[in-house]
Amino acid sequence: MNKKSIRDVDLKGKRVFCRVDFNVPMKDGKITDETRIRAALPTIQYLVEQGAKVILASHLGRPKGQVVEEMRLTPVAVRLGELLGKDVKKADEAFGPAVQEMVAAMNEGDILVLENVRFYAGEEKNDAELAKEFAALADIFVNDAFGAAHRAHASTAGIADYLPAVAGFLMEKELEVLGKALSNPDRPFTAIIGGAKVKDKIGVIRHLLDKVDNLIIGGGLAYTFVKALGHEIGLSLCEDDKIELAKEFMALAKEKGVNFYMPVDVVITEEFSETATTKIVDIDSIPSNWEGVDIGPKTREIYADVIKNSKLVVWNGPMGVFEMTPFSNGTRAVGQALADAEGTYSVIGGGDSAAAVEKFGMADKMSHISTGGGASLEFMEGKELPGVVCLNDK
């Protein structure tokens, strides 16, 4: 990684504005999944050990520039204190005189959690005045919120105009793992692209066709490719305006010597429910009033075999509607193949794929689970991320 990290700067006695991703799911004021809080702990602990005054900033939910009581970060600050076993103070605002007083009273190793930065309309507009207010609280900016790195916001990018800016450990690991996958991958390198829509994955497919040895397609977006080959797909999801693009991608793969894998059989249903009747049919035999909802057993075997023989696998997007049990076997099978593959480095691209390996209890068998769905997707598209570009070079 060619960006400075917290290892490269002197932190003792410094006020550090650390942007973290504490955007955790909440229900009735309780945190239902604290993965993101735990992911930030190594950076926070390091800052504390180095004698910094640690000021933590995050968003939670989408309050759209106004105060929404149930989106306050108070429960997060409480839980953070429990996890660290130390006192964590919480401000009622994210800047201003009251916050400045709290910062002035901090000792080395103290932690202060600011209020939800998205309570202020200037945050998502990357407003320079708000960025200056944030910067006024600190001596150094640390970005450890990879999940928000694709956003040019006041607390993720704008603040870096006014302070030295470095990466936290979580950000550093994401950039190293994803960066190596794209610039210097171990081979064979396989990308598994699933999810519902082709339009969401156009950029990533196009960018990866130049880099991978194998491209595996699954999920709802597969049916646009199936239709592009001239097969009937019944009521399956399809983007007719993307059929020509699908043809172009398949031709490009051939031209570049990329093995392009598509479902050979699928699970079909007439209704979306937990108790749905399903059938397995070959890809060219989907009846007109049925819909494809998962990859079939023959496809699972082929995909598992490709995975097993790969050195690096990047997975972005499920193989079917994994939230419903009858349609979850394809996604589970891909997860299982990754869990069982020896000598294969697996990178799970955040979002639904991360939720799936979590749901199936396979998370600890994956080499790297990205903490950013949208951010990892944009990184995989070869885009520059504002929250990364703004960091100081080594």
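Each position is counted from 1, following the chain as shown.
The backbone N, Cα and C atoms fix where each Cβ goes, glycine too.
The substrate site in Swiss-Prot is built from Asp21, Phe22, Asn23, Arg36, His59, Leu60, Gly61, Arg62, Arg151 plus one of Arg7, Arg79, Arg118, namely Arg118. In the three-state DSSP scheme, Glu323 (ATP binding site) falls into the coil class. A C-beta separation below 8 Å, combined with a sequence spacing of at least six in one chain, links Ser353 (ATP binding site) to Gly194, Trp315, Asn316, Gly317, Pro318. Put simply, the two farthest-apart Cα atoms among Asp21, Phe22, Asn23, Arg36, His59, Leu60, Gly61, Arg62, Arg118, Arg151, the recorded binders of substrate, are 18 Å from each other. When the neighbouring Cβ atoms lying within 10 Å are counted for each of the recorded positions (Asn23, Ser183, Thr299), the highest count belongs to Thr299. Cα-Cα distance from Asn23 (substrate binding site) to Glu323 (ATP binding site): 22 Å (rounded to the nearest whole number). Put simply, Asp352 is the one of the recorded positions Ser183, Gly292, Thr299, Glu323, Asp352 whose Cα lies nearest to the Cα of Gly61 (substrate binding site).
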